[in-house]
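Asker: First the structure, which I've put down as structure tokens, then a few questions once you've had a look.
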Amino acid sequence: MEKLKWRLTPVLALATLIAAFGSSFQYGYNVAAVNSPAELMKAFYNETHYSRFSEYISEFSLTLLWSISVSMFPFGGFVGSLMVGPLVNRLGRKGTLLFNNIFSIVPAILMGTSKTARSYEMIILSRLLVGICAGLSSNVVPMYLGELSPKNLRGALGVVPQLFITVGILVAQIVGLRSLLATEEGWPILLGLTAIPAALQLLLLPFFPESPRYLLIQKKDAAAAKNALKRLRGWDDVDAEMEEIQLEDEAEKAAGIISVLTMFRMRSLRWQVISIIILMGGQQLSGVNAIYYYADQIYLSAGVKDQDVQYVTVGTGAVNVLMTICAVFVVEYLGRRALLLLGFSVCFIACCVLTVALALQDRVSWMPYISIVCVICYVIGHALGPSPIPALLITEVFLQSSRSAAYMVGGTVHWLSNFAVGLVFPFIQVGLGAYSFIIFAVICLLTTIYIFLIVPETKGKTFVEINHIFTKMNKVSDVHPAKDELKDIPLSAVEL
């Protein structure tokens, strides 16, 4: 039976692919889709304004409008994260993913028709809506897949959402080449393509099971939970897994559904909450967006021709995808903790060397090439650990009662950090120039030290076993002496 557990059944594989392609792919696609046609879209904003008021927008107003258009996405992500708890508890994990397609199909139609309608307001509203879609999917997909997976596949399947985010970014970079859709006529189509994965998910996901944990613990439907497990595992003997979920359910009966405020007050969840905040903050504040922002200038200074930078950017996106594929295969072998330590350490070293290389690039002829190597090393490091693992850990270190609240906290930190970097980095860059990466190096170093000292390995353990590890760390082993398994009450896994 133990050997059978390693099987990735067709139902589990397809549920993973449809959830990740229908939701996570869109997140990545919409992150990158506006980069290529940015100048064309700004020209459209200007022309639209002229057709209404017979004057062009001032330089400052145009920059402000474009900044709002771009920053609406992380702001929408923040709003989406706040909706996670109520929706997953009311509609279920699968139900929330299906409902979430509204926030993809509607804005895809609006963006696709915005040029014909001569309305840049439609684009700004759409960026908010696709942001909400990304905020929900970046939390709900890891939660759904984490609850569908057997413990020995949980890590690998938990990294798949991040893999599809990187694939979404790469596809947006490819179709956004100037020879394809980054043209005067093509950019509305480029933005509207996000409806395709949403429509596929809407058609196919209803045929796959809801999370067995949600069915048993929150809906109290043991028969449905058992049927879902049988379909997912491909065999009928699921009693041991049902027992494990019921053990968690016992803890849930004492805890109920834990709110965000209650979670912050609970000593038994202290280290889980702190760890999620630090990992999610570290993921976004470690400079990943800044590296991409700076990459074009680095490539140009190394002698890459202006028209060829877009192809080098696609190459960087491909490296990101390949390294995330590696993470899928090694996460169950090396473990979560090792990948986080390795990833943040590589990012720290890359930021340090990049700072030196940028400072010396005008004096030493070969320094720009070192800068390119640093960018690629940073992308590799981030793709191995900081990008995929924090969200997976949210699922693993919290039990059902606090998992939705934990995702709300993790998602909020993720999107606010993302928003803050987008807002503040241009000013840091003007003020510090090449030395701005020292800030990111310090954040990478501090996150690495925290992981080394605090974050335990969760590979191959059940949710209740992981809960026991944190119970000891939080020094609350005798909180509920009435029932032994209730000691674990609120340890829920965080995904991001």
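In case you wondered, yes, glycine gets a Cβ from its N, Cα and C as well.
TrEMBL annotations: computationally assigned, not manually curated.
What TrEMBL shows for this protein is this:
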type	residues	note
DOMAIN	16-459	domain 'Major facilitator superfamily (MFS) profile'
TRANSMEM	64-85	transmembrane segment
TRANSMEM	97-117	transmembrane segment
TRANSMEM	123-145	transmembrane segment
TRANSMEM	157-175	transmembrane segment
TRANSMEM	187-208	transmembrane segment
TRANSMEM	273-294	transmembrane segment
TRANSMEM	309-331	transmembrane segment
TRANSMEM	338-360	transmembrane segment
TRANSMEM	366-384	transmembrane segment
TRANSMEM	405-428	transmembrane segment
TRANSMEM	434-455	transmembrane segment
Asker: Would you mind listing the long-range same-chain contacts of the transmembrane segment (366-384), meaning Cβ under 8 Å and 6+ residues beyond its ends?
Answerer: 166, 286-288, 291, 294-295, 298-299, 301-303, 316, 319-320, 323-324, 326-327, 339, 342-347, 349-351, 353-354, 357-358, 360
Asker: Which listed stretch (97-117, 157-175, 405-428) has the most C-beta pairs under 8 A with the transmembrane segment (273-294)?
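Answerer: Comparing 97-117, 157-175, 405-428 against the transmembrane segment (273-294), the winner is 405-428.
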Asker: May I ask which of the stretches 97-117, 187-208, 338-360, 434-455 has the most CB pairs under 8 A with the transmembrane segment (157-175)?
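Answerer: Answer is 187-208, with the largest number of Cβ pairs below 8 Å.
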Asker: Under an 8 Å Cβ to Cβ limit, what residues of the same chain, 6 or more beyond the ends of the transmembrane segment (434-455), are close to it?
Answerer: 271, 274-275, 278-279, 282, 285-287, 290, 336-337, 340-341, 344-345, 347-348, 351-352, 354-355, 358-359, 386, 393, 425, 428, 473
